[in-house]
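The structure under discussion appears below in the form of structure tokens.
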Amino acid sequence: MMMNRDILFHQQQQQQMEENMSNLTSASGDQASVSSGNRTETSGSNINQHHQEQCFVPQSSLKRKRNQPGNPDPEAEVMALSPKTLMATNRFICEVCNKGFQRDQNLQLHKRGHNLPWKLKQRSNKDVVRKKVYVCPEPGCVHHHPSRALGDLTGIKKHFFRKHGEKKWKCEKCSKKYAVQSDWKAHAKTCGTKEYKCDCGTLFSRRDSFITHRAFCDALAEESARAMPNPIMIQASNSPHHHHHQTQQNIGFSSSSQNIISNSNLHGPMKQEESQHHYQNIPPWLISSNPNPNGNNGNLFPPVASSVNTGRSSFPHPSPAMSATALLQKAAQMGSTKSTTPEEEERSSRSSYNNLITTTMAAMMTSPPEPGFGFQDYYMMNHQHHGGGEAFNGGFVPGEEKNDVVDDGGGETRDFLGLRSLMSHNEILSFANNLGNCLNTSATEQQQQQHSHQD
């Protein structure tokens, strides 16, 4: 019996082992097939998912706009409260202490302290609670329409105070006003703790003021950059063409100045009678037969372009004109020198004196402390001083502003023998006549003395 049981048990174990082996092989095959199928499915799903991601990339990249306030439930009850109701702070008053409350439930809770009967509203399960939305009472407000109504009573109150109410709360530090007390308290906590510094050095405690100031500074910097010339462009402009153009401008300026002194027709809206009256008084020795007494190509004013240094800048700086005292000293030196023959001495004397007087008159008319102040400005001031209502209208150099300010003795000496700093046109001409007569008389006397010595 025992041997039969052992044999049966041994056979059962062998059968069980064979079944396990067969199950393992079948399971491995099924698993392999399942894994291969899963691989193909996962690869296919990955491809589809990648394709779907590529399709949805443009949609995710778009920025979502923020919803504007006031998007109520279409089924909500629209409440339109009056401005008086919205601005009321104490709608519910306590009968004992006359303390006001905004809500009835706050009043009921307050009554407990007075040992008064109080009652809170109880909601029953049968009552259907309908949501309420509130519109702004102002007709021109965007929240006046029911589609833009606000869903909170506190929110509509604050909106009405901020946009349409009076700003009662003022910050003591920055003087900014608020209509809502909570906004004022929130601002007071951070006011003065943070500073906004501009590049120009100005400090601001408020961000909005800083932004406004910064925009103004940026605009001013752009305008200044446009107005200031570029140094590289200035250096590049030092070309022969530029100097030729500048020389032509200077020649035109000198020729126009000579035409004003020598001709009776002025370049400007002046009357013909006034121009003839002024130039009839010019002495003949000033407008001599020799149009070029000082050798400057027929111009009373020497060309500015001749003294331009091409290595520095394209804008020539005019050399300071000689003062009247220096010219008189030069005249004394020229008068002290003697020529070899009387004829040459007489010619050189007359030429020197004519050159001196012409240069002196030019210096009196063109020796202000500031460059660019010439005969046209002197004549314009003199013309306005004598009642003439018309002035030059850009006859000399177009684009330049006329300087009507007279220097109070800060520059070099302009007058002769202690006269005032600016003489009228008639006084200059009379002085020139007297000076010319004196010079001619002295030259004649000197010539007579030389003839007497030779005899």
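Glycine is treated like the rest: Cβ placed from N, Cα and C.
Looking at 169-192, 313-336, 409-432, the stretch flagged in Swiss-Prot as zinc finger turns out to be 169-192. Of the given residue ranges 92-114, 345-367, Swiss-Prot assigns the label zinc finger to 92-114. Sequence-distant neighbours of His213 (Zn(2+) 2 binding site): residues of the same chain at least 6 apart with a C-beta under 8 Å from its C-beta are Cys198, Thr202, Phe204. Apart from Cys198, Cys200, His213, Cys217, the Zn(2+) 2 site neighbourhood in this chain, defined by C-beta within 8 angstroms of the site C-beta centre, holds Asp199, Gly201, Thr202, Phe210, Arg214, Phe216.
Residue counts for the region 'SHR-binding' (206-218) under DSSP (helix as H, G, I; strand as E, B; rest coil) come to 12 helix, 0 strand, 1 coil.
For the motif 'Nuclear localization signal' (156-163), the DSSP counts in helix, strand and coil order read 8 helix, 0 strand, 0 coil.
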